[in-house]
Amino acid sequence: MSTLGAWDYAILAVVLIISICIGVYYRYVDNKQSNTTAYFLADRSMGVTPVAFSLMASFMSAVTILGVSMEIYQYGTMFVIINISYVLATPVAAYLILPVFYRLKTASVYEYLELRFGYATRLVASITFSLQMILYMGIVVYAPALALEAVTGLSQIFSILIVGIVCTIYATMGGMKAVLITDIYQSILMFVSVFSIIIYTGIKAGSFDDVWKVAQETGRIDFTNVSVDPTTRHSWFTQVLGGSATYLSLYGVNQAQVQRLLAVRNLRSARAALWWCLPILCLLSISTCFSGLCIYWYYRNCDPLLAGRVSSRDQIMPLFVVDTMGGYTGLAGLFVSGIFCASLSTISTAISSLAAVTLEDYLKPLMHSCGKRTLTDHQTMWYSKLLSAFFGALCIGVAFLAGSIGGLLQAALSIFGIIGGPLLGLFTLGMYVTSANQKGAIGGLLLSLAISFWIGFGQPKPPIPSLEMSIAGCPADRSYATDIFLLQTETAHFRENPEPEPESSYFYLYRISYMWYAPIGFVVSLFGGWLLSYCMAAFKWDNNRQIYHDADCTLIKHDLFVPPIAKRLQRRQMPRLVVTSTTSSGSGFGSNRNSYIHKESKSEKPHTQI
């Protein structure tokens, strides 16, 4: 087992200390944390650049960097097509969804659901989001621990504690400002980690043409799969449609990302941040994919998993760094630091968003309903920091359970799809369908979650066929212990699975690609909620009075809907100038006419007009 040198550990220590120092600075030097707007939304004063980098960094976690490179290494390049979905979905998030949240100016995006449907909907949705982020945090903290174990043999327990404690300290002390600023330099280190692999391989191979040629010869270059079969793992349809739904569930209605977009000065700046995030995100995504091809070029004749050097292919990227760059002082440490930064940025995001949701959606309403009192700014800040510390500790605990999850990338995207898709459908129902009501919306969400969990976590699932791997070029002087280990593994596998069962023998829904989880959850939540709302209204079990200003249900709160629908509702309810008069006779010549002006909505019954 290779180990990091003193300089490698020094670089890693400096990176972690810088993160903590940024949190200390925003807590004691730039001490403006007087309320939750300053703590959770950075006082709505951040610039476009830090928010753009933060949006990318919180999405491209260590799970993505390790998992995407492994995906390309083992299964080929079809996954790259997902970048097209980012381009298609960005204008939807920027011009349709984001304006709704910006008009409301809320710290929790789920406050929108209370205004649109009622508090019960807000509570169900925020609990669902909390479940999603807690599950995801465990995987994200586990990923760098996996990397360190592969390259140094350092205990996973120690690695998990490092990530959890560091991000908890600076996120709790510095609030959103500290999180956003640390994301900038952490993003740079993420790029350094990935490009170090690409540059080294280009030098070693002589040119990237050789890397591409080897990948083509082994069937890894493939952008032609246009199958509409939902059981096809990756195709143009799965990547574009599934990727768009996943992207919108994150950048459109996810508290962690929207909270960042609300930290800038105005809607125009928020849109600019989202657009600037797009090329940064695509650059890191595509370069990470290409790094997978570079790693395959290096191990094309001796796969580390088949050779018994690693226990999972998710460990191949850090193993590659140690094998190739271990002799260069500090380079391996810089790579590991980049992996740590990828996790730190995502975990700090999750901690901040979970604390905001818990405070705004659970604690404040509970205090108001039970104690009939409102928290002061001092009490609010105290609870905010206490909650941040609590969720930091919780993510450490969940991380210890993540080791049993196989396939980091698929596990992460599955969680986003299974829970994010239904939530996206719920928000879409509220923002597009004026007739939707609370009972219908909650029913559609619960139905969608039940179906998504059934499809996503139902067992058994068919094994994923891997592209061909070779050990023909492995050293002939492998240890006897390694040979025994490989022999026992192969024998056990043969006894348990003498012949792989045909895929058709598995239940159909369990064979559906994980990229379809988000679209399926979205469609069921949207149309299920729409149909249930219609039934509830037909039987007079519920109504949509929540969207009206008045008791007569004539003036709709158009701000609750996406801009095209809001403008149409606004035009339909545009006040008209109506002159109503009375005529009375008086002394003197002629008559005296007393007139007054009355503003009337088009939805009101018209008065006599003159």
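Placement of Cβ uses the backbone N, Cα and C atoms for every residue, glycine included.
Annotated transmembrane segment per TrEMBL: 6-26 (among others), in sequence order. Packing against the transmembrane segment (6-26) from elsewhere in the chain are residues 33, 162, 166-167, 169-175, 177-178, 181-182, 185-186, 189, 329-330, 332-334, 336-337, 340-341, 344: each is 6 or more residues past its ends and has a CB under 8 Å from a CB in it.
For the transmembrane segment (47-68), same-chain residues at least 6 beyond its ends with a Cβ under 8 Å from one of its own Cβ atoms are 79, 139-140, 143-144, 146-147, 179-181, 183-184, 186-187, 190, 193-194, 250-251, 256-257, 260-261, 263-264, 269-270, 272-274, 276-277, 280-281, 284-285, 288-289, 292, 314, 317-318, 338-343, 345-346, 349, 407-412. Positions annotated as transmembrane segment by TrEMBL: 47-68 (among others).
If you look up TrEMBL, you'll see 80-102 (among others) marked as transmembrane segment. Residues 72, 109, 112, 223, 234, 236, 239-244, 246-248, 251-253, 258, 261-262, 266-267, 270-271, 274-275, 278, 281-282, 285-286, 289, 427, 431, 559-564 of the same chain lie 6 or more positions beyond the ends of the transmembrane segment (80-102) yet place their CB under 8 Å from a CB of it.
Here TrEMBL flags 123-147 (among others) as transmembrane segment. For the transmembrane segment (123-147), same-chain residues at least 6 beyond its ends with a Cβ under 8 Å from one of its own Cβ atoms are 61-63, 66-67, 108, 110, 113, 156, 159-160, 163-164, 254-256, 312, 314-315, 317-318, 336, 339-340, 342-343, 346-347, 350, 353-354, 357-358, 361-362, 391, 394-396, 398-403, 405, 408, 411-412, 415-416, 419-420, 422-423, 426, 442, 445-446, 449.
Residues or ranges marked as transmembrane segment by TrEMBL: 153-172 (among others). Only residues 6 or more beyond the boundaries of the transmembrane segment (153-172), in the same chain, are considered here, and those with a CB under 8 A from a CB of the stretch are 1, 3, 16, 19-20, 22-24, 141-142, 144-146, 178-179, 182, 340, 343-344, 347-348, 351-352, 385, 388-389, 392-393, 395-396, 399-400, 403.
Long-range neighbours of the transmembrane segment (184-203) within the same chain, counting only residues 6 or more positions beyond its ends whose Cβ lies under 8 Å from a Cβ of the stretch, are 15, 18-19, 49-50, 53-54, 56-57, 60, 65, 69, 211, 280, 283-284, 287-288, 290-291, 294-295, 297-298, 317, 320-321, 324-325, 331, 334-335, 337-339, 341-342, 344-345. Among the features that TrEMBL reports, transmembrane segment is placed at 184-203 (among others).
Residues annotated as transmembrane segment in TrEMBL: 236-253 (among others).
Residues or ranges marked as transmembrane segment by TrEMBL: 273-299 (among others).
Residues or ranges marked as transmembrane segment in TrEMBL: 380-402 (among others). Sequence-remote contacts of a segment are chain residues at least 6 beyond its ends whose Cβ falls under 8 Å from one of its Cβ atoms, and for the transmembrane segment (380-402) they are 33-36, 39-40, 134-135, 137-139, 141-142, 145, 157, 160-161, 163-165, 167-168, 171-173, 175, 347, 350-352, 354-356, 358-359, 363.
For 408-433 (among others), the entry in TrEMBL reads transmembrane segment.
Taken from TrEMBL, the feature transmembrane segment covers 440-457 (among others). Sequence-distant neighbours of the transmembrane segment (440-457) (same chain, 6+ residues past either end, Cβ-Cβ under 8 Å): 113, 117, 120-121, 124-125, 128, 414, 417-419, 421-423, 425-426, 429-430, 509-510, 512, 514, 517, 520-522, 524-537, 542.
Annotation comment: TrEMBL describes 514-539 (among others) as transmembrane segment. With a cut-off of 8 Å between Cβ atoms, the residues of this chain six or more beyond the transmembrane segment (514-539) that come close are 230, 233-234, 238-239, 241-243, 245-246, 249, 410, 413-414, 416-426, 428-429, 433, 435-437, 439-441, 443-445, 447-449, 451-452, 455-456.
What TrEMBL lists as region 'Disordered' is 579-610.
Summarising the annotation, TrEMBL assigns compositional bias 'Basic and acidic residues' to 597-610.
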